[in-house]
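K.L.:
Take a look at the following structure, please.
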């Protein structure tokens, strides 16, 4: 197949058809090469919303929907350059196994592309133009990549999602992106149980998850001031290191997470004197409490509300405590595991001032 | 060991050529399936089976090399018949030997065909989606046929030349894929999945098949050079590469994901993100390398089978024999209906391959030692004994020691020596 005879799909989305809920809508975004800045050198190049075309087709399977798009096209669809796939949360809540199967069987699809869940209709994201990328949807890919680099967003590629999907000891997660007025927003992660989306972690929960599972510091935390209510100090973690210990005591499995966090104070609204060791100890302790509360909220949610082992405790148990893993049915056991989380916060630096700047 | 004195023998194989022949014949279709097949029964410990398999293979290679050095430049077809012939009834040797040799030739032809077909399947799945299978298989067979126009030494040189082209990129790709590794995918290491070991061992030993390629080429091995170390080194190279690939596959995917992939090593390559932005998709490099790997396996076996047939019937022109087989190979290659069929065929043929390529040579080795007491021939020992009644006539003495003794050896040998090798 010649290069010029292809229609490259840069992103595609999967939705439920609004008229007939049995059908799936697949929308694709196609870049128009001549309208991309820098291409051809002509004055016509512009980029953004005008540089792409969005097309939709529906069918009872994803392949059928793609084929229906093909019917409207002059050239052959090519998915080798696809960078983003988005699935609407409605589809995800019913079943995404068709989608996964289609992705896995299709040799053009690469494992490094970015899969996202979109609340509501996924095809919305193809219409947005954040104006910072020549091809609008690349914004999502860049957002995920830079977010993963600064360790704010979990790094989940399609391949990673497949691996977690196959793995019997962990429940897969996928990033969520919400379209805003003229752009996109990362809005936590979706948790899957099998092929179904069962819940959603908001950003704070995701950061707690990243502390516990990935040794990533996650986002900043706000430590309430000792003296004034409603005022906070902001602690920015640079490093996090987690140790997990699992024990079985009287038929009850206990998991002990010990997280060591290291970082700086980024902002202080409180009147604190960081020259005083006592104060430092005190604020370290209250930072640890804030962290623990954040983790506890997340654990409560995954254990009791959605009963899905998104934090990958089973993965650790299977690898390091095979005797416990073999003795129980983890799927049933996970909600009953006693998870204890302790944080140890090390404040290394307090910025360029000591005490309250006036 | 003294430095060996290599005289200028341009049609003899050097040890490094022997090693490359082994390496490139082993690396073939198997490497694409390896992470899946080894982890099927031993789960995260699949690589342990690989290590055990490596040591088993070292033993078999030792035996085969021992056999060919013991036979000193004699043609495979001749010594098989000779070994199998009891002293009293020499015709039995021909009766058993010739069908056995035909079986060898048949196996090697079958391998050529199936390997070319597997190559076609992968190329169609991954890169040349619209190219007809017939074209890919035919071109692979034609290139192999082209090699059959050349002398044996050319085969060895082609193998030697392609070794770095194959191994270096494979090694780099295996190491690059460690960037997505998760150590927990390899755990727990203990307790060992002992139940899976026999089954996994079978698959790993199958993956290592291919060292039998030196049997038909052994008549071109120089008598004054020791090949043992080189051949075993070849197995080590393959073994380490295989273990790296299996560990990389396990580390990146975990055994559960591996079970769902048709060509796990190809998928592994797809996950590789090259830091320097030269090629976005590394599959292209891998498939390119893989062409060389498959070509050497297919062409070597094609050549080996044609040569064996030539030797049985004393035909001079190998190319015509090879040409006669070409259409047959094409039809055999196109015979499997689908991928499932092909993999089943490959699995079945692995059993035969293992039996013919490893068990039978070991049997030959045992038989020849039993019959000659570690010497080339009973008569040699007797005559030497009569010449030097006071000395213990050992194997070593007959070996590469000096021209005079080898000469003597050949003079006595010439009773059954089909072609007298030139003494250096």
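Backbone N, Cα and C atoms are what each Cβ position is placed from, and that goes for glycine too.
Unlike curated entries, TrEMBL annotations are predicted automatically.
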K.L.:
Per TrEMBL, which of B:264-283, B:284-303 is transmembrane segment?
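P.N.:
The range carrying the transmembrane segment annotation in TrEMBL is B:284-303.
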K.L.:
I'm validating the feature mapping. Which of B:230-255, B:386-411 is tagged transmembrane segment in TrEMBL?
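P.N.:
Going through B:230-255, B:386-411 one by one, TrEMBL flags B:230-255 as transmembrane segment.
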K.L.:
Tell me whether the transmembrane segment (B:122-149) sits in contact with the transmembrane segment (B:161-181), defined here as at least 3 Cβ pairs under 8 Å among residues 6 or more apart in sequence.
P.N.:
no
K.L.:
Are there residues at least 6 beyond the ends of the transmembrane segment (B:44-64) whose Cβ is under 8 Å from a Cβ of it, and what are they?
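P.N.:
Residues 22, 35, 38, 185-189, 192-193, 196-197, 200-201, 203-205, 207-208, 211-212, 214-215, 228, 231-232, 234-236, 239, 242-243, 246-247, 250, 254-255, 358, 361-362, 365 contact the transmembrane segment (B:44-64) from elsewhere in the chain.
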K.L.:
Between the transmembrane segment (B:230-255) and the transmembrane segment (B:201-218), are there three or more CB pairs that fall under 8 A, provided the residues in each pair are separated by 6 or more in sequence?
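P.N.:
By the criterion, they touch.
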K.L.:
Between B:95-116, B:230-255, B:284-303, B:315-332, B:352-372, who has the most Cβ pairs under 8 Å to the transmembrane segment (B:161-181)?
P.N.:
B:230-255
